[in-house]
Amino acid sequence: MPATRKPMRYGHTEGHTEVCFDDSGSFIVTCGSDGDVRIWEDLDDDDPKFINVGEKAYSCALKSGKLVTAVSNNTIQVHTFPEGVPDGILTRFTTNANHVVFNGDGTKIAAGSSDFLVKIVDVMDSSQQKTFRGHDAPVLSLSFDPKDIFLASASCDGSVRVWQISDQTCAISWPLLQKCNDVINAKSICRLAWQPKSGKLLAIPVEKSVKLYRRESWSHQFDLSDNFISQTLNIVTWSPCGQYLAAGSINGLIIVWNVETKDCMERVKHEKGYAICGLAWHPTCGRISYTDAEGNLGLLENVCDPSGKTSSSKVSSRVEKDYNDLFDGDDMSNAGDFLNDNAVEIPSFSKGIINDDEDDEDLMMASGRPRQRSHILEDDENSVDISMLKTGSSLLKEEEEDGQEGSIHNLPLVTSQRPFYDGPMPTPRQKPFQSGSTPLHLTHRFMVWNSIGIIRCYNDEQDNAIDVEFHDTSIHHATHLSNTLNYTIADLSHEAILLACESTDELASKLHCLHFSSWDSSKEWIIDLPQNEDIEAICLGQGWAAAATSALLLRLFTIGGVQKEVFSLAGPVVSMAGHGEQLFIVYHRGTGFDGDQCLGVQLLELGKKKKQILHGDPLPLTRKSYLAWIGFSAEGTPCYVDSEGIVRMLNRGLGNTWTPICNTREHCKGKSDHYWVVGIHENPQQLRCIPCKGSRFPPTLPRPAVAILSFKLPYCQIATEKGQMEEQFWRSVIFHNHLDYLAKNGYEYEESTKNQATKEQQELLMKMLALSCKLEREFRCVELADLMTQNAVNLAIKYASRSRKLILAQKLSELAVEKAAELTATQVEEEEEEEDFRKKLNAGYSNTATEWSQPRFRNQVEEDAEDSGEADDEEKPEIHKPGQNSFSKSTNSSDVSAKSGAVTFSSQGRVNPFKVSASSKEPAMSMNSARSTNILDNMGKSSKKSTALSRTTNNEKSPIIKPLIPKPKPKQASAASYFQKRNSQTNKTEEVKEENLKNVLSETPAICPPQNTENQRPKTGFQMWLEENRSNILSDNPDFSDEADIIKEGMIRFRVLSTEERKVWANKAKGETASEGTEAKKRKRVVDESDETENQEEKAKENLNLSKKQKPLDFSTNQKLSAFAFKQE
């Protein structure tokens, strides 16, 4: 039977760790760099006894009830065993002692230290000491001859010496090791060992083999090696019977040889490849306890029988099968269980010549095709090396029959056999876990700790219960539940408590929800899963619950217990988290190699419009790490933490990528310290976690205290002022992306928070620009200005001008113009997208009034109604062009005059995007925002309804079109009733409109309403220049069809003009505006009121009959009409 490896468990903090058995084999004793000696009853002992012997313990030895330790205060101490009572100090050194061993009867100890000395001390009388001098470097290891005649020692000076104890002389010295100046720099600690009982052989690990020397003659007998050994051997130890020798390497390989036959009996690989630094053979049975350089403790069982025979008469494990077993999902997933402590049997490599019939069966693939033997073995199984037959024929023995078919013969392993390819090795899959929980094997554990509360589980002899505690007791009071169904998974939200248990032979896996926020009397529900399907992960959201099962299914439920969607996962689930409408799933998307996990992530939104944000993208992890925590920030951004302490957050502003925002290991004082994350906040920026000294998770008692860590992005040169400001700027950007997400999805947030963040970011950019300007990095200044808002760019231009950086100021001015043009182009595109969207909604339903049909017309009607209500006590009907499409490109919000029906040019209300204004509060105003602002300024007593509707036209605040249903008001409803679209109008309606029109026109002879005239701005010099040169631009560029192209070309030509020419055009614009105003005033005085009324009646009738055919007037006409109306006010 091959050796069985049990999963390793945490023993001590990271560093050199040693292990030994007591005389009876009842206890395993370990010591480590944490200064503790732990006494384990077995590997499953969850509460080992410990003795603190000092700050660090470098070595320990146990014999006859005496525990001897070499500690960091340069002493060799004695404690009673197992009581752990101090029993004095045996000896002292000037530096640390590196190794201590007992002799055969336990009366003496030998210790070697870094001061080059070796001492033998009598345990009962510490004054009886012998000192051995001769090494020229620190002593690595020691070993007593079983007959107490010789003492062997290895040193950093590269030599292995054998001392005559009686006269303290060196009997022999071999230069076998690499030289070094300290133990920490030694490639191997070279733990050598004498053969028990007879002391016939001395085993020394040298490089990749074990050298054996004969006693007294000191001749080299032979080497023990294996083709699987790829790294230096660190330690050797003999079985109590003296027939087997075990060795451990610095890459985690443990090999056992039969010394007599030189056969390799067992090969076992450390599950994580850590260096083996402690090996101890059980005194009575075939068990080997081992420790690694990370402080972990492991155990091999059924290694070899102490009587000299293997524990199984036949070698049933074959190398081909072992290689296939590496990819066995069930066994390997248990082998790398980070959170569960169940024993896993992993067969080791055992040598043997394979029977032909059995070999054919084992070489069959899952698909039914035979595996090519050439991929596994170099030679046929029937071919045997001649040299092997000559040297091993005397060792060929036929084994006893044990009921199995065929006979298998053991032959010595020869170097001519080609080794199997050992890499890359697949990484054991991480088992499912619940974020905020501690391991299942603990009797008192946290089932979950999150921002809502804590769920503890107690499973001991007295009680099996679950306690629920809320951080805010106003949500719910603390609850105590009996755990009769053995619930192992839990989650907690402000609405419910969710529990799940695995299936048993009698009961199915269950999902239990305690819906304490329900308004009815039924506060809980339970759902049984189908047979052979277990719940592996659960989570709660707002109004829903989710459970991932072993059948690779994810089941969704309402919080009240209604089953909803069920869909398949692409791999076994690792963990889940929920927040609001978001569901965050991490699963295995493949097999990882060389210690890396291969995980995928899905992010779904389960609102009314269900959609998937992340479609199984790979989840980035630190090398050789695993997932430790997933969840959401308090603001709803997905985050996760790996076992190396790296916290990553979803960066929605960079294509949903993952950005590392904190390294918790930087805040740890010791190498074995960790932080256990319980929550993340973006505003304020806080990482809430629990410090764990010497562990990865906290105990339940005493109640752990939560610490707050700050975030820091891993930017370069963080010690410099430039690096600090860059890190602060991008951290501010990342941690305020959630505001855009909230606005996009219709959630409420404080506008002041966003304004404060923008202000903070612009201040950092200005500081970086000033720093770059001082360092003569003008190109870098322009790059920084590209990240600024329009106002900040204006400040940057002023700063550059005052700093006499004229070229920089010119570049920044060009950048400001480009940013304004880009902003205008973006707004035009958004308007076109909005029009296309609404056209699609109205496609095929041109005569059907919808909520999207004419929102701009609604706004106009409501504004006119408000104005008319303020001007007159009576409501008066107004004229609008029937059947006009508000969303066509030829018209917009300002193209139809509400009172007169006159048409104005569509760009009259738009701010010049190419004019840089330092006094403006916003970088640039879109047409809609400018229009809304002016309307709000005019409406002194504006209602909530009109305000809400005007806000919908602001593209900056509402990037996504969403219908707003206004509350009905009698006044506005009556005013709007005059403007409903009708396909057929009666003569009576026309007559009523004509009469009302006469009354309106007689009282108000204006051409345009006040709210539209206030949007008119004086012409600029560039506009007048563009009017006169438009024909030249079109003749030079006949392919120009878009007004934006004409304006851009005009800007380029206008910049070429000299300063004097530009001033001439500017003065011309001012003069024309003034003259137009004067002319309007004169016309108002001259025109006779009666004649004007008749003319207006005729024009109104024409407009009513020809409203659909009328085209917009040219630019100059609209300008004059607007100015005329403005002056009439």
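Using N, Cα and C of the backbone, Cβ positions are placed for all residues, glycine too.
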Swiss-Prot annotates one residue of THR237, THR504, THR720, THR824 as phosphothreonine; which residue is it?
-> THR824
Per Swiss-Prot, the candidate from SER894, SER946, SER1075, SER1090 carrying the annotation phosphoserine = SER1090
If one takes Cβ-Cβ under 8 Å and requires six or more residues beyond its ends, the residues near the repeat 'WD 4' (134-173) are 95, 98-105, 108, 110-118, 120, 179-183, 185-186, 189-199, 202, 204, 215, 218
LYS671 (N6-acetyllysine) CB neighbourhood, other CB atoms within 10 A | 14
Reduce the DSSP letter at LYS671 (N6-acetyllysine) to three states and note it down.
-> coil
State the residues, same chain only, that lie 6 or more residues beyond the ends of the repeat 'WD 7' (271-310) and have a CB under 8 A from a CB inside it; answer 'none' if no residue qualifies.
-> 1-21, 23-25, 28, 30, 32-34, 40, 43, 189, 191, 234-241, 243-244, 246-254, 256, 265, 335-336, 348, 428, 595, 624, 672
Cα distance (Å, whole number) from THR826 (phosphothreonine) to LYS671 (N6-acetyllysine) | 52
Look at the modified residues THR826, SER1041 and tell me which residue has the greatest number of other C-beta atoms within 10 angstroms of its C-beta.
-> THR826
Within the DNA-binding region (1016-1079), how many residues are helix, strand or coil going by DSSP?
-> 51 helix, 0 strand, 13 coil
Using Cα coordinates, what distance in whole Å links THR826 (phosphothreonine) and SER1041 (phosphoserine)?
-> 18
